[in-house]
């Protein structure tokens, strides 16, 4: 009844939900090895080369901070402490493998057929599956869902980029430490990776041509990168690489242009990790054969509000779809709702508004709703009110940690009701803080309602319920006292 | 501080009666000196002990044996508290609020006598008065309790490591203290008369107790101490009796920490001289929904209020709103419904709204739906820690669009998780709205 191409967050959720309705469901999943030869099991990007290993390595880096703090709290640890990449990597990789296994068991339990094959369209209801060994299987289905996700792009116009660089696909599976690392370009992936690499003690440099975290609130993005700089990550601003060469002894020499000074500079690194964005995995699907339309610029599959493509009975969800957030939870939700509409007599469509997210940089940034720029553009600066505060987490006091970039900002409509348009939080556990507020925003929360909510003391999140200084007032927004 | 904004002539009298062991502290009240603040900091010290163990699994290497030094921690904590005391004094001065470190008591209508440390008395009159004297720990009333036992009033500045400790009580104070003392490596026993965390969701309370037991904290249930005396030199001998029969047990501990409840500081402040009614049994002051006592010019807020919550943010909110009503023509009253709270036990517990028992009682079991889940924080997977111990449940009112009327989460950073859900409950969130909200991945709150 349903064939899902792609066994990632969206694909698996859709397949399992459809199976609940007693349908005959199959999933095709195949991982084309990266240029460096890295491959992995069932589960998709999130599980294998995304959210999961990223958060675990971020945790390893945060624990460095905990070790430093611990001394202030009375624990006697002899400094310096050392980090061994292979211990961490193996622990993370083992956990990921257990998830691969868990997914296979779940599919089996729910009677979903799993094919470790690369799929391509023969016609609108027929898929040709190819195993690694080249064995072919034809699968036909009433409905097909494309959920093949994306893979990191390489800046192939830069000499040496493909041969000598790695991407996030490889970083989490490295058996040996990446050593002195350069991460050119600044999508959240590169900032998060640069953050934890610095945290575990590696010499890390981020190179950016223009602005960090494009699409995110830029004031918050600067605070995040400012913190990373004070934390030890090196930044090469307004620079872009022009070539990568291999030196004797496996080191890499990178040449770049500094657009401010108009000069050309070089330096040596052990690893260059590209994070220039992700490309949708559509090339081998043979979409032309069935006429599934894609966006000419991005290559992503065009879908309507019900996740339908231009071809009847063919749907698409997750990172592969045009105009959707590239997030695991939205793919999962979209997949489940699609299955319910197809087989469960539901008509509920996916709501992509006010999706909360978190960037897991050393000082985390969680947000939901509009950035300040987007709100100004949408409503006009006179029609919005921005409440903000600089606060200090209690745990930072005894630990003597710098809280300069711990900051909260709430963007509201100025008119009487004062509906909340966007909430931004930088600080520890940002994801935990923002999640509940995202629920409130889903209910149309207003500033007065938030002010009626009593805070939990002592936490960082309570500072959100205490916001009262506006940007417009020009007053000092530093929180003082208890 | 709020009243001063409206250019009112304001005075604050603050005085700390020393504990039976002679301990005292500065301006700021319970939360700052002997409550939330030092508690959370010591809880953090305990959490860091756990983090140290986890970090090895994440690739960190350091000395094999790691020990905790009580004095280092206590000194850091006390330094921070000192800075807060100082901060308050500066804030009061800047706002031109008169502050006196003196014990205040009513001597007649509109008149208070302030007695300082040296016994010097002064009289003050005011148009209005606000009583916010809070509470102090209760003692058992048994032989040896005041001579040998400490309370939370003493613990956070104890000039020596408490060592092998007996915590008497099952309040959140008892469990939080037992939790962090064990977390820094001490041998801890908790003596419980009947149930844990009275007033909280009992299903969750039991899970908290189970977790603590599983992590090395001993529990002696259904016993109460009847005598405390000196045992072998440097050690206290505690004799206890069963609540269910005649069994007597004895135990030896370096420290006995009493955490059996708190009593309102209302009985010795001359309230009878001005006719303010207090609850004879509890000492708490009944007020109307504008925090006014039965005497129109006398108000009360905070822990001393009858039938209200003993929480810092509630007291702060009530105080501010009261002043705005008095001097700024505002009408907003303090909203005591759906006030979130968090218990900072080793496994933290965040809650907002009805417990399951209270919901069943109020709405009937057939009219509520409880959704629940165990979960394993991602950060605990690599160190293979406590799989399936974390837990979350929401209680929905079926007759009202499945509105969420109770939220409970047991897991790390419970306070951070709960705060936003409390805001959502304030907006009347339903199960459907909750389901349509996208999760942030990967976090516990999702």
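Placement of Cβ uses the backbone N, Cα and C atoms for every residue, glycine included.
For residue B:441 (active site, proton acceptor), no same-chain residue 6+ apart in sequence has a C-beta under 8 angstroms from its C-beta. Sequence annotations record features per position, and here TrEMBL assigns active site, proton acceptor to B:441.
The annotation FAD binding site is assigned in TrEMBL to B:40, B:104, B:303. Take the CB of residue B:303 (FAD binding site) and look out to 10 A: across all protein chains shown you find 24 other CB atoms.
The NAD(+) binding site annotation in TrEMBL covers B:169, B:170, B:171, B:172, B:173, B:174, B:175, B:176, B:261. The Cβ neighbour count for residue B:171 (NAD(+) binding site), using a 10 Å radius and every protein chain shown, is 20.
Under DSSP, residue B:31 (disulfide bond) is assigned to a helix (H, G or I) in the three-state scheme. The disulfide bond annotation in TrEMBL covers B:31-B:36.
Marked as domain 'FAD/NAD(P)-binding' by TrEMBL: B:2-319.
The feature domain 'Pyridine nucleotide-disulphide oxidoreductase dimerisation' is assigned by TrEMBL to B:339-446.
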Additional residues around NAD(+), ordered along the sequence, whose Cβ is within 8 Å of the centroid of B:169, B:170, B:171, B:172, B:173, B:174, B:175, B:176, B:261 | B:167, B:177, B:197, B:259, B:260
If H, G and I count as helix, E and B as strand, and all else as coil, what does DSSP give for residue B:441 (active site, proton acceptor)?
-> coil
Cβ under 8 Å from chain A: which of the recorded positions B:31, B:40, B:171, B:261 qualify?
-> B:31, B:40
Compute the average pLDDT of the predicted model within the domain 'FAD/NAD(P)-binding' (B:2-319).
-> 96
List the residues of the same chain that sit at least 6 positions away from residue B:169 (NAD(+) binding site) in sequence and have their Cβ under 8 Å from its Cβ, in sequence order, or write 'none'.
-> B:190, B:191, B:192, B:258, B:259, B:260, B:261
NAD(+) site span - longest C-alpha distance across B:169, B:170, B:171, B:172, B:173, B:174, B:175, B:176, B:261, in Å | 14
Under a three-state DSSP reduction, the secondary structure at residue B:36 (disulfide bond) is helix
Rounded to a whole number, how many Å is the Cα of residue B:31 (disulfide bond) away from the Cα of residue B:303 (FAD binding site)?
-> 11
Inside 10 Å of the Cβ of residue B:104 (FAD binding site), count up the other Cβ atoms and send me the figure.
-> 22
Secondary structure tally of the domain 'Pyridine nucleotide-disulphide oxidoreductase dimerisation' (B:339-446) (DSSP, helix then strand then coil) = 35 helix, 33 strand, 40 coil
